[in-house]
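Below is one structure; the comments refer to it alone.
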Amino acid sequence: MTQPLFLIGPRGCGKTTVGMALADSLNRRFVDTDQWLQSQLNMTVADIVEREEWAGFRARETAALEAVTAPSTVIATGGGIILTEFNRHFMQNNGIVVYLCAPVSVLVNRLQAAPEEDLRPTLTGKPLSEEVQEVLEERDALYREVAHIIIDATNEPSQVISEIRSALAQTINC
């Protein structure tokens, strides 16, 4: 199987952490769309949003998704990548989409534990727990709609990787 694997889910679900280790375990290349975009522009996500607003960032995010999609690649996407219909169809049609699902309490705890690792401009202007709740309520149905595989991301990364590998094996053997 050489299809790209797209990891989707909200901030703090473990897309980058799991993605790097998953790519290593599958002997694949790893790319994080946000990191790729930031390195191409030499700007942070916050800088891009400040300069181009969210619409400009979302357009660049789509271009990044297309640019990094390649066989034998694990791709960690930004949490809002599913907001654009083109991106949802693109991922579904060009690879296997894995939704790393976690409840609000877990996401908030992870984001508070390492706030500097995931600096993003606020989407709502609300406190973190309220924002995570609101954003997840808005996006969960889209994550589920686009996903080929849904994984409980509350476990340790090694367990999440094991579950993804098992699900991939079942998907391939259908």
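Any Cβ shown, glycine's included, is placed from N, Cα and C.
So that you can see what the record holds, here are the features copied from Swiss-Prot:
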type	residues	note
BINDING	Gly12, Cys13, Gly14, Lys15, Thr16, Thr17, Arg120	ATP binding site
BINDING	Thr16, Asp32	Mg(2+) binding site
BINDING	Asp34, Arg58, Gly79, Arg139	substrate binding site
REGION	112-126	region 'LID domain'
I need the CA-to-CA distance for Gly79 (substrate binding site) versus Thr16 (ATP binding site), whole Å please.
11
Using a 10 Å radius around each Cβ and all protein chains in view, which of these binding-site residues has the most neighbours: Lys15, Arg58, Arg139?
Lys15
Secondary structure at Asp32 (Mg(2+) binding site), reduced by DSSP to three states
strand
In Å, how large is the greatest distance between any two Cα atoms among Asp34, Arg58, Gly79, Arg139, the listed binders of substrate?
18
Other than Asp34, Arg58, Gly79, Arg139, which residues of the same chain sit close to substrate? List them in sequence order, counting a residue when its Cβ is within 8 Å of the Cβ centroid of the site.
Glu61, Thr77, Gly78, Gly80, Ile81, Ile82, Leu83
Are any of Asp32, Arg58, Arg139 (the binding-site residues) within 10 Å of Thr16 (ATP binding site) when you go C-alpha to C-alpha, and if so which?
Asp32
Report the same-chain neighbours of Thr17 (ATP binding site): residues 6+ apart in sequence with Cβ closer than 8 Å to its Cβ, ordered by sequence.
Pro157
Out of the binding-site residues Asp32, Asp34, Arg58, give me the one sitting nearest to Gly14 (ATP binding site) by CA distance.
Asp32
Expressed in Å to no decimal places, the gap between the Cα atoms of Arg139 (substrate binding site) and Gly12 (ATP binding site) is 14
Going by C-alpha distance, which of the binding-site residues Gly12, Cys13, Lys15 is nearest to Asp34 (substrate binding site)?
Lys15
Could you measure between Gly12 (ATP binding site) and Arg58 (substrate binding site) for me? Cα positions, answer in whole angstrom.
19
